[in-house]
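Feature annotations, courtesy of TrEMBL:
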type: TRANSMEM; residues: 20-39; note: transmembrane segment
type: TRANSMEM; residues: 46-67; note: transmembrane segment
type: TRANSMEM; residues: 143-162; note: transmembrane segment
type: TRANSMEM; residues: 168-195; note: transmembrane segment
type: TRANSMEM; residues: 215-240; note: transmembrane segment
type: TRANSMEM; residues: 246-270; note: transmembrane segment
type: TRANSMEM; residues: 282-299; note: transmembrane segment
type: TRANSMEM; residues: 305-325; note: transmembrane segment
type: TRANSMEM; residues: 377-399; note: transmembrane segment
Amino acid sequence: MAIWTVLRGKADEGRYARATLINSVGRGIFFALSTLYFTQILGMPLTLFSMFLTLSAVAGLAGSVLFGRASDKVDAMTMYRTLLAVQGLGLIVYVVTDNFICLGITMAVVSTADRGAAAARGPIIAHISQGENRVSYRAMLRVVSNVGTAMGSVLSAIPLTIGTRPVFVALILFNVLTYFAAALMLRGIQCGIFASAHSRKNGRMGLVAVRDVPFLLATAANAVLYLHDGILTIALPIWIASAKSIPNGMVSALLLVNTVGVILLQVRFARGTDSIRGAGRAGLRSGLSLCAACVLLALSREAVVWLSVVMLVAAGLMHLCGELWQSASAWSFGFEMSSDDLLGEYQGVLNAGADTMALVSPMILTGVAHADSPAGWLVLAMVFLLTGLSYGPIARLAVRTRSK
């Protein structure tokens with residue numbers, strides 16, 4: 001199933017992919033300009049902005065679990081479209097008020113809706129792909145999302161260059177339109193309700209996912225590997241800036257390699273991961289790749305310039321491989337360890353684990369990158385190695401408990 005074939009398709013797979021592309025363009029714009037909009041255009045103090053971001057992330061954790069569970073009990077697509085509309089309305093608030101408290105509350109609401117919508121994708125993808133090739137289709141959606149985000153990042157250069165409030169507002173309102181357009185494009189797709197009758201029949205109460213020990217172990221391992229998300233954007237720029245001999249332009253070059261690599265390779269790396277054992281193998285490969293990346297980064301700063309550049313490129317490629325395998329492994333565990341009537345709940349818990357790591361990773365990674373010695377990178381390499389090695393036993397335990 002080629003990506004462009006999916007985008008051109010008339011079936012639900014094509015409609016959802018096109019809606020994802022359109023919304024991702026708007027999100028890419030907002031991600032690039034949001035910090036400057038709040039702190040420079042609206043004049044919000046940086047410390048207050050940081051506090052609002054943290055509180056919003058915490059609210060998002062709750063939204064991921066609660067809306068994930070809810071998406072199993074109502075039509076997931078209806079809920080998803082509603083949460084898209086909520087995010088669009090929240091962005092409108094950003095441009096009509098300068099009240100910092102109101103903005104902070106809205107940021108929390110938008111974050112909750114965003115993470116809730118992410119959890120609802122599990123049941124939606126299971127329905128759209130008819131339960132087959134779910135990991136492959138999810139990989140294609142990630143590629144589509146990255147293409148859209150890259151396009152949005154390019155468009156964000158307009159307000160960042162001009163720097164006036166009307167231009168910022170215009171592109172934020174364009175992002176609003178992408179949310180509403182995506183919600184409208186998905187009208188008519190019904191996912192149905194998987195959970196209610198089945199759950200009543202089996203007498204299952206409360207959150208089943210948090211009582212599933214193998215799944216919680218997989219969620220924890222995935223959260224550790226998700227530390228990779230901040231390496232390129234947080235740790236690497238600090239590490240390179242502190243090395244006088246390495247050109248700062250290497251940061252942009254490695255980010256470009258990563259973006260292009262995800263677009264070109266994510267679907268390929270997802271192949272063979274559509275089972276619990278396949279997810280375990282992908283997790284092992286991810287841990288080994290990220291371990292190698294950290295070792296190369298540890299060695300890069302003290303080498304001569306040309307060798308430092310070579311090691312940084314190699315580290316970037318290892319990081320890319322680790323990221324691609326981690327994503328595929330997470331999707332497979334989320335789909336394969338859950339029954340169809342609990343997909344939203346399982347996706348919500350899995351996402352909450354990764355989101356928790358995203359919340360604490362800046363503190364961890366800045367400590368690693370600011371250190372005078374490469375010891376922090378070597379410790380991180382060992383963490384990735386041990387986490388990768390844990391995937392095999394976790395997968396075997398999951399298979400064993402589900403075969404009973």
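Just so you know, glycine gets a Cβ as well, placed from its N, Cα and C.
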Contact call for the transmembrane segment (282-299) and the transmembrane segment (377-399): at least 3 Cβ pairs under 8 Å, seq gap 6+: yes
Leading stretch by Cβ pairs under 8 Å, where the reference is the transmembrane segment (143-162) and the options are 20-39, 168-195, 215-240, 246-270: 20-39
Stretch in 46-67, 168-195, 215-240, 246-270, 377-399 most in contact with the transmembrane segment (305-325), if contact is a CB pair under 8 A: 246-270
Surrounding residues of the transmembrane segment (46-67) on its own chain - C-beta under 8 Å, 6+ positions past either end: 35, 38-39, 79, 83, 100, 103-104, 107-120, 207, 344-345, 348-349, 351-352, 355-356, 358-359
Candidate ranges 20-39, 215-240, 377-399 - greatest C-beta contact count to the transmembrane segment (246-270) (under 8 angstroms): 215-240
Tertiary contacts of the transmembrane segment (20-39), as residues 6+ beyond its ends and Cβ separation under 8 Å: 7, 45-46, 49, 84, 91, 94, 103, 141, 144-153, 155-156, 159-160, 168, 171-172, 174-179, 181-182, 185
Beyond the flanks of the transmembrane segment (215-240) by 6 or more, those residues with Cβ under 8 Å of it: 209, 246, 248, 250-251, 254-255, 258, 279, 283, 286-287, 290, 293, 297, 301, 312, 316, 319, 322-323, 326, 329-330, 333, 337-338, 346, 349-350, 353-354, 356-358, 361-362, 364-366, 368-370, 380, 383-384, 387-388, 390-391, 394-395, 397-398
